[in-house]
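The transmembrane segment annotation in TrEMBL covers 25-46, 78-96, 108-125, 146-166, 172-189. Marked as domain 'Mechanosensitive ion channel MscS' by TrEMBL: 191-259. What TrEMBL records for 337-398 is domain 'Mechanosensitive ion channel MscS C-terminal'.
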């Protein structure tokens, strides 16, 4: 068919007085030019007709994932296959009399087809990765790692196929030679291989996902995970700096993931207020009457007084303060804090709520609050914590308690003035 077509064209040129040899070259040029024009026309038709129509359908659809594929121009890149296939079919017809040139052009067109296909697949993979980010699938699976792995695999496949086409050898021939270079490949792509294995472990165990707050002191990381790739994990620290951690380090080294805190809906406050031990004393009858007016103590005080009364009834001599049990200002204050926190709207009531004494130190008696807020957002959490302790420090004088504070320059000056006045 190819020869007949050239013969018809050569005979037609001969009618215009063009000899056989010039007519052969001219026929080749006309056929090549015609092939290029036809390839360009088909590309324009597909690009401006078929692709544009499909893009309009995508824009009008209610789905959002197809818009991402549209943004990555997957169809536009696939449309480049059309002129390549047209040329792959027509060029051999134009170069029938030029076997060497025909074979070379055929190989180049085959490589073009491979490159165009790989570029389209790359765009599709990027779109899949973005869809996973939008749908929050990447929070459960390290999609970016698998996308990068697929790209790496496609690159090597395209490279082997292209080289085999240009060298006119079977791809198996080149694959058989990879065994010799295995050691070199493992050396060059050590991080990639380790990262891929680590990525599988991270995904299988859900150790880390984009959006997690992780803390890894070894690498100075303390912030939110932005990206989990094949070889690295990108962390944006709270001071807005970026830390890149090797993926395999998250498997081989220890790190802290705060995801459980976010998922539970509660964030812990574990903080103490140090009470000056010199301010701790028994409550007087006047103190009881005054503190009984506090709403959070209206149930506690009568109940506690009744309990102490029953216990002290067994003791004969209650004149000595050391005999029997008595209410203290610090114990009553601790009971007040428990009720205050139980009625606080920002404290998680389904989680541990405790106010306890720790061992006394040189800085006083620590009263520790061990509670959880029902808002895990950092700014809100800090505001809740500050409000609670603002209230604690302000309410201490009502119980005749003082917070411990190391003497300052002003305290020392006050003592000196007192000494001078006494002298």
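Just so it is clear, glycine is given a Cβ too, placed from its N, Cα and C backbone atoms.
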- Helix, strand and coil totals (DSSP H, G, I; E, B; other) for the domain 'Mechanosensitive ion channel MscS' (191-259): 23 helix, 25 strand, 21 coil
- Looking only at the domain 'Mechanosensitive ion channel MscS C-terminal' (337-398), what are its DSSP counts of helix, strand and coil residues? 27 helix, 16 strand, 19 coil
- Note on the structure: For the domain 'Mechanosensitive ion channel MscS' (191-259), the averaged pLDDT of the predicted model is 85
